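Asker: From TrEMBL, for reference:
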- 1-32: region 'Disordered' (REGION)
- 151-201: domain 'Inner membrane component' (DOMAIN)
- 154-187: transmembrane segment (TRANSMEM)
- 256-281: transmembrane segment (TRANSMEM)
- 336-356: transmembrane segment (TRANSMEM)
- 362-384: transmembrane segment (TRANSMEM)
- 368-487: domain 'Sodium/calcium exchanger membrane region' (DOMAIN)
- 396-417: transmembrane segment (TRANSMEM)
- 437-459: transmembrane segment (TRANSMEM)
- 471-491: transmembrane segment (TRANSMEM)
- 538-558: transmembrane segment (TRANSMEM)
- 590-732: domain 'Sodium/calcium exchanger membrane region' (DOMAIN)
- 621-641: transmembrane segment (TRANSMEM)
- 662-681: transmembrane segment (TRANSMEM)
- 687-708: transmembrane segment (TRANSMEM)
- 715-735: transmembrane segment (TRANSMEM)
Amino acid sequence: MASDAEPGRRRRCCAQDTPDVPKGPDCPGDSDGPRRGSLCERHCAAINNVQGDLGELGCHLHRPRVPPAMSTPSCCQQHSEEVCESCVVKTTLTAENAVEANKLSNNYKFGFKKWKSHVTARPWEDRSEIVKELYSDLNVIRGSGGSTLTCGNVLYLLLFGWWLSLLYVLVAAAMFVTVIGAPYGWLCWDLAGYFLWPFGKVIQKVEVTKSHQACKAGAGESSALLGGPTPRRWRPQCWASSGYWHRASTAVWLSLGYPVLALAHGLVCVTAWLLIVLIPVAKLSARATSRVLLLPPERVLIRRLKMTEVPLEGEVILCCYRAANPYYYKYAVDGINVFAVNLLPLVLVTLVLGYADSPNHLTGSAIKFTLALLSIMPLSYYIGMAIASISAQSNFAVGAVVNATFGSITELTFYITALIKGSREGNRCYAEVVKSALTGTLVGCVLFVPGLCMVIGGIRHQEQRFNSRSAGVSSALLFLSVGGVFAPTLFSKVYGKLVCGECHNVTQNPLGHYLCHNCHFDLMDNNGTLYYSHVQPLVYTVSILLPAAYLIGLFFTLKTHTHIYDIHVSDCHMPGHHHSAVVHWSRWRALVILLLSTLCMSACADLATEHISPILTNSTISQYFIGVTVLAMVPELPEIVNGIQFALQNNLSLSIEIGNCIAVQVCMLQIPILVLFTIFYPTNFTLVFSDLHVYASMFSVVLMNYIFMDGKCDYFQGTVLVMVYFILLAVYFFAPSPSGC
């Protein structure tokens, strides 16, 4: 990454600034200009080390201006001289359009949500062949499809092929019984063989102007590409292709045969879509239901392909080679990842089951709590996507307000709902669970998120570098925030009175040793003088200072010291790129989705807190462990996935910033908001944590700063962070439940 610039001197992004950078591909757009050995390649590799998104976006570096005779026209010549100077002294990342450039710029802004996915539709020509295959229809014939005997195709045969083929045979028999439905009977008979093993076969729509023309086709009709005889239904059933018999046959088919097969294909389509890797099977079933089964039988041809590239005559409706594709985890619908699409019905099931079955007649509290917790994951994704879309299409002020308002809405919704329920029931256990969740989020985002990204990124890259200065800002704020959050706890340990529930004299001597249980520091001694006169004012003071420090950090990184990121995102375009941006979600659509997702999040959080009480009461697992694991990390899963994607593209800076920003927001925004909430709605929440929370948090922050000192890391350092995190989880697992639970 970038290093500090010397005073009075201008710094340029050169290959010498980033040592040990592997060679990359040539910079696009430089083919017509003079080449400088491998300098251009090293420029591209250096930028790739800073911003992994260049693997998809392409790299473009603004260089110093040279005489026109020696340079080709660049986008730098199309802008003002000020823009050119900033391009020279900073690493320039090229986006596809202005909206994507704004999103990339927001990723490097402190306090803004880091988002990996595109908020605009990528140009088709810029996508890889693998991604193009995911979005292509199953009507493309390849010259040589290779062997069709693959594991995915065999899986299709075992899951769907055999019973779908059998169903077609039964429907064909029913059509033959009706006599007038015999043409569709022959169609179903042919489709039974097709759906048993559809791979390497083609379904073609042919144009038949006259019924007798089809009858004249000989039994040995074939083509250079298609092998096998003409389907039998074309010859003896030509009488049913016109007039009254055709209309009667269609009526019988639509009333008896088509509904059964459409229902079966619908089941196959939904099942295959939910399995994700079998989405080609879902496309196959959907296209068969909407196209093939609605065509007249005489216009459907089913043949097996030969290994040749002679074009077909007529429209190809279906041509499938593989039933499974492992790359479908990249598939998106209107910009929404397929996992988030598949989990969206879970939200509806959770809300309907949770509020319609209040007495728990259908399911128990454990199932409802699990469903409510799982529903938070897709809602967190939609909230993140909406925030990124609004910020990318708006100015800085609007983006900052949206990120500050809704950036922590997922966690705050659950915490506030749990505190309200605990206050109504007079149960202090809810407040302890909230404290455990806060600590778990802090520890997880400091240790687990960056550690996991280092491990996964280290598998592909031997050593990863990141901007130590930008990470140092977050680390300094973490030190400040942890000290401020736990200051009331340390104050209570010093001045509080130790109270124990039960004590036993071990030596039977009044002056001997006593063994005490359930000991804690009492802050309410002498009618709460210590708490109300000393601890509570300290809590309010800390709750004011921490957000103020957060605002100072924003001003420092976004206004006065923006150069520490050494990033300039340009919306200049490469040859062949489109300047117009087709956004997935407009501002108004993103705002509506953001509000609806927030409402659904509130409802799911209410259901989770409603049904967590039996789990806390009857579970043998410590409430500490439930709070620091399930309640803390499940809402952060979309952020963890974003961090992993950045790390895989050698952009560890953003992976680290994701965890650091969440941890800073927990201490500097979420906790002060909870303290402010208790002023207007009294709850059992006090900013006094257990010793375990204090030690775990402080140790995690110190270890993270030690690992991040040199600005580079590998999978071993990531393994250390992950192992320390699991050790802390083991401590929480075997720890006794907190007092009040």
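Cβ from N, Cα, C; glycine included.
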Asker: Can you name the far-off residues of the same chain, 6+ from the ends of the transmembrane segment (396-417), with a Cβ under 8 Å from a Cβ of it?
Answerer: 106, 111-113, 376, 379-380, 383, 386-387, 390, 434, 437-438, 441, 554, 558, 594, 598, 601-602, 605-606, 608-609, 631, 635, 665-666, 669-670, 673-674, 677
Asker: If you count Cβ pairs under 8 Å, which stretch among 362-384, 687-708, 715-735 touches the transmembrane segment (336-356) the most?
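Answerer: Result: 362-384.
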Asker: Taking residues 6+ outside the transmembrane segment (662-681), which of them lie with a CB under 8 Å of any CB in it?
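Answerer: Sequence-remote neighbours of the transmembrane segment (662-681) are 111, 404, 407-408, 411-412, 415-416, 419-420, 423, 434, 438, 441-442, 445-446, 449, 474, 477-478, 481-482, 484-485, 539-540, 542-544, 546-547, 549-550, 553, 636, 639, 687.
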Asker: Who are the long-range neighbours of the transmembrane segment (538-558) in its own chain, taking Cβ under 8 Å and residues 6 or more past its ends?
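Answerer: Residues 109-111, 396, 400, 470, 473, 477, 480-481, 484-485, 487-488, 491, 564-565, 664-665, 667-669, 671-672, 675-676, 686-687 contact the transmembrane segment (538-558) from elsewhere in the chain.
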Asker: Under the DSSP assignment, what numbers of helix, strand and coil residues are found in the domain 'Sodium/calcium exchanger membrane region' (368-487)?
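Answerer: Tallying H, G and I as helix, E and B as strand, the rest coil: 104 helix, 2 strand, 14 coil.
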